[in-house]
């Protein structure tokens, strides 16, 4: 077993056991790697769903973010605060989509160790035993490993293990190790590193052309995946009424970043594909195809939810617009009825007093009606103050009832 333990072994050891088990199940390294890629994608599906949901939410906020950037174009601090407040209100994480999208890379790095060191991780031999195996094979085949392929010596030695079964019988701890590993898949050696030699193209057969095709296929699947994802994200950008906004989608920062990455990532994939064994290009190709399919599925799933929200937003916007038009119609009608702009006093206190007077008058009328039916004499109402001023204690003050002829003497 593996004696030297590192933190990375928390991932590489389980990956090695899984890939080894799939190889024993299928007896085909390429098919085992494809099943491994599918299982990894299935395990990471919840994380992919969270990342997709976060990305879709950010895409939908693009028009609002553009308005914020226009409003605070000269104040970066206020712009950042407003964007953070918008994210907080909508429940969107600024780094959520990026973090979840990095998970496939975290899988690729440990897988690279598993592919590069199959005797340790797939056949489960210790470092000491692996070193002894390699020394035994190198002594018999000194030209097998050189400076160019020293880093992948275990991949070169793994298919040769059955030839050294007698020499290694007392060394290996796992009898299955002596069976070795077969890296052939559809006539392609997945342990080989693609190499372009233009001057030898006329001598190339399917094994060489297929090997060169692996990085190209991985690049194509990566480009297709990012292209489809960008198109789907742009289709989710809607304005405040829930209507699709293509202009805002094109001008969004996310769209510009994705467009840049759509060309940079495939170029990096192509370069890496010609520096590592073809097995990793096969894994990358399968990941790209599966990612495209899963992205389409998740987009369709969450689009139904967001389309319902957009329909609700559109309904609210139309209702608000209808109410505003009705208010404007009423204002126009009032202006037409009263062109001079003179309106009666409708202060709250006066309206309350008028209502109280109406209630008192109605109550008095009811009492009189009741008294008339019972034949009762109605009570004499209190004599109203008839002073000219309307103020009993000050009959001659100038007030509402001021009479300028009060002191006029008749001849």
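Just so you know, glycine gets a Cβ as well, placed from its N, Cα and C.
Looking at 29-49, 50-70, the stretch flagged in TrEMBL as transmembrane segment turns out to be 29-49. Range annotated as transmembrane segment by TrEMBL, chosen from 183-205, 206-228, 229-251: 206-228. Sequence-remote contacts of a segment are chain residues at least 6 beyond its ends whose Cβ falls under 8 Å from one of its Cβ atoms, and for the transmembrane segment (263-286) they are 29-30, 33-34, 36-38, 108, 111-112, 115-116, 152, 155, 183, 185, 188-196, 211, 214-223, 226.
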